[in-house]
Amino acid sequence: MAEEAKVDVKTSAKKDIRNYLCQYCGISRSKNYLITKHIQSHHQMELEEERDDEACEVDEESSSNHTCQECGAEFKKPAHLKQHMQSHSLERSFTCYVDDCAASYRRKDHLNRHLLTHKGKLFKCPKENCKSEFSVQGNVGRHVKKYHSNDNRDKDNTGLGDGDKDNTCKGDDDKEKSGSGGCEKENEGNGGSGKDNNGNGDSQPAECSTGQKQVVCKEIGCGKAFKYPSQLQKHQDSHVKLDSVEAFCSEPGCMKYFTNEECLKSHIRSCHQHINCEICGSKHLKKNIKRHLRTHDEDSSPGEIKCEVEGCSSTFSKASNLQKHMKAVHDDIRPFVCGFPGCGMRFAYKHVRNKHENSGYHVYTCGDFVETDEDFTSRPRGGLKRKQVTAEMLVRKRVMPPRFDAEEHETC
């Protein structure tokens, strides 16, 4: 018995305790951290391949499970996708329970935001001489940041007192953002070429008249300045170059070029995808079909909303359109500034500002002589017939802005 006990002790002492194996080469170690250290030092390529495979699987799962089938929007969580799908539904299940209010919404958070309007405008602007009131507290901070961020600097420069009224402080929670960032003089002195003083053409931050750093578009002939780099990146996508064109719209009469397939698909969905109305048979874009169907629903149509200002007979179908009318016409709020340096013209609507920038108002060439546009003006009613322009006149023509005088021309 004693001899058998000695044999068992010897065999137990020689027992292999290396229980942790490497999954790549099969080597064994006695401790788990030794195997981990071995894998990190000898199997780096295998680990990188596994990480790439896992990332691809995660991307496939997220794209397949959390992508909207209607518009192609992607979400990280299925709850966000479910909430987004409610915006595509025509059913408005969340109805306002306040008397004499027929407002209804597709999402509950939109209803909660609407209920704040019934409680009145409880939040006022903390600045003096500003009577703006808001129903949501978050709009107060947005209003102060937009209209009162440079009050102290403006008072020092212009000498305005506390009792003076600032005409630009008449707005409320306007969520539209202008591409120029609200700076009247952007990139002044660079000739509108979008290049910095060094002449390298990089989009570096520039100092505007309000003291805020802005990034300038480096495209030749553009020179627009933006407050955030993300706005500049979105603007630079509009400058489609021939070497970066990958897709174009093949619809008749369109033939627009795009840098990638995603931009082309979004363009087709918004501009060329039409749906016929089942009620009246009219043809509408897919993005406008929901608004058209609400016109057939008598219960949801609120009727015409009249402007309460005396002497104004304007009527609107939506309260949001009435608010835009009040800001532009009666309050004379013009938040959108022309992006060309030295212009300073302000507009109440963004599309009017864009039309002004795209027109030939700022396109001119400094010539050796002063020439008017009398021969190019349209024929007035009851006036003389317009003269026929010769080829020599077209070659010698210089298009000049109305404010351009002879003295400034001689200095060019």
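Note that Cβ sites are derived from N, Cα and C of the backbone, with glycine treated the same way.
Quantities reported herein were computed from a predicted structural model and do not represent experimental measurements.
The compositional bias 'Basic and acidic residues' feature in Swiss-Prot is assigned to 148-188.
The ubiquitin cross-link annotation in Swiss-Prot covers Lys185 and is backed by a large-scale study or a structure entry.
Per Swiss-Prot, region 'Disordered' is recorded for 144-207.
Annotated motif 'Nuclear localization signal' per Swiss-Prot: 384-391, in sequence order, evidence recorded as sequence analysis.
Residues of the same chain that lie 6 or more positions beyond the ends of the zinc finger (20-43) place no CB under 8 Å from a CB of it. Positions annotated as zinc finger by Swiss-Prot: 20-43 (among others).
According to Swiss-Prot, the feature zinc finger maps to 66-88 (among others). Helix, strand and coil counts from DSSP across the zinc finger (66-88) read 11 helix, 2 strand, 10 coil.
Among the features that Swiss-Prot reports, zinc finger is placed at 94-118 (among others), with the record citing sequence analysis.
The zinc finger annotation in Swiss-Prot covers 123-148 (among others).
Residues or ranges marked as zinc finger in Swiss-Prot (evidence: sequence analysis): 215-239 (among others).
Counting residues per DSSP class in helix, strand and coil order gives 11 helix, 4 strand, 11 coil for the zinc finger (247-272). Residues or ranges marked as zinc finger by Swiss-Prot on the basis of sequence analysis: 247-272 (among others).
The feature zinc finger is assigned by Swiss-Prot to 275-296 (among others). Panel annotation: around the zinc finger (275-296), residues 90, 269 of the same chain, lying at least six beyond its termini, place a Cβ under 8 Å from a Cβ of the stretch.
The feature zinc finger is assigned by Swiss-Prot to 305-330 (among others), with sequence analysis given as support. If you average pLDDT over the zinc finger (305-330) in this model, you get 86.
According to Swiss-Prot, the zinc finger annotation covers 336-362 (among others).
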